[in-house]
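Down below is the structure, laid out as structure tokens.
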Amino acid sequence: MKDPNTIPPWRCTDFNAWCIAVDKSTNVKNKEELLSTLTYFINYEIEMGQTYPIDIKMTRNEAEDFFFKFCTVICVPVESETSPAPDLATASIDWKTSLLGAFYIKPNYPGRCSHICNGGFLVSPSHRSKGIGRNLANAYLYFAPRIGFKSSVFNLVFATNIKSIRLWERLNFTRAGIIKDAGRLKGHEGYVDAYIYQYHFPSLEDALK
């Protein structure tokens, strides 16, 4: 697998922002605040109880391992459509107010199947309904194959998560299976089904055509 830090940032298509890959080795100015913001994002989603199977909020150390052990891509706004991607080592970014969203990329299986990745997506609670999730999804299709993954599997897309289902199917993800009674979600009686989605990344040569 390729070092995520060597992959060029991806410019968002719908607003002025860049998606940048980071991991535990990335030099980020005020990285602790970035981690704190990511921790807030995931714990907010856990508390909502609608999209992640996790039901216990993460500590700072758990979140650090969750986000930085392999790779997380962060979405950072810039002033204009001609602004370059910020240098994370030197840029003074107020992560609490500026971080638009993020997603992790990691192997979905060990060993002989580690070329198949999984991703989890988070949009800032204060920046929702602005198309950020759609841009994160497209950034995922950019970064994952460049890291070296051949395909992606999402293990649990709950049947109640209509926006997510529409997004992945619009991007030609294949519904590979259904898990009956997969989750106990807040606001729903009984159990909710979940879908498994898979996507085969085109070769980088084909993607650049």
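Keep in mind that glycine also has a Cβ here, set from the backbone N, Cα and C atoms.
Predicted, not measured: the structure shown is a model, and the values here were computed from it.
Copied from Swiss-Prot, the annotated features are:
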type    : residues                                       : note
DOMAIN  : 26-202                                         : domain 'N-acetyltransferase'
BINDING : Asn118, Asn155, Leu156                         : substrate binding site
BINDING : Arg128, Ser129, Lys130, Gly131, Ile132, Gly133 : CoA binding site
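Excluding the listed site residues Arg128, Ser129, Lys130, Gly131, Ile132, Gly133, the same chain places Gly101, Val123, His127, Arg134 with Cβ atoms within 8 Å of the centre of the CoA site Cβ atoms.
Annotation note: Ile132 (CoA binding site) sits in a helical segment as assigned by DSSP.
Within the same chain, residues at least six positions away from Asn118 (substrate binding site) with a Cβ under 8 Å of its Cβ are Ile105, Lys106, Pro107, Asn108, Ser152, Val153, Phe154, Asn155. Across the structure, Arg128 (CoA binding site) and Leu156 (substrate binding site) are spaced 22 Å apart at their Cα atoms. Counting neighbouring Cβ atoms within 10 Å of each of the binding-site residues (Ile132, Leu156), the lowest count belongs to Leu156. Looking at Ser129, Asn155, the binding-site residues in this record, the fewest other C-beta atoms within 10 angstroms of the C-beta turn up around Ser129. The two recorded residues, Gly131 (CoA binding site) and Leu156 (substrate binding site), have Cα atoms 22 Å apart.
Rounded to a whole value, the Cα-Cα separation of Ile132 (CoA binding site) and Leu156 (substrate binding site) is 21 Å. In the shown protein chains, 12 other C-beta atoms lie within 10 A of the C-beta of Arg128 (CoA binding site).
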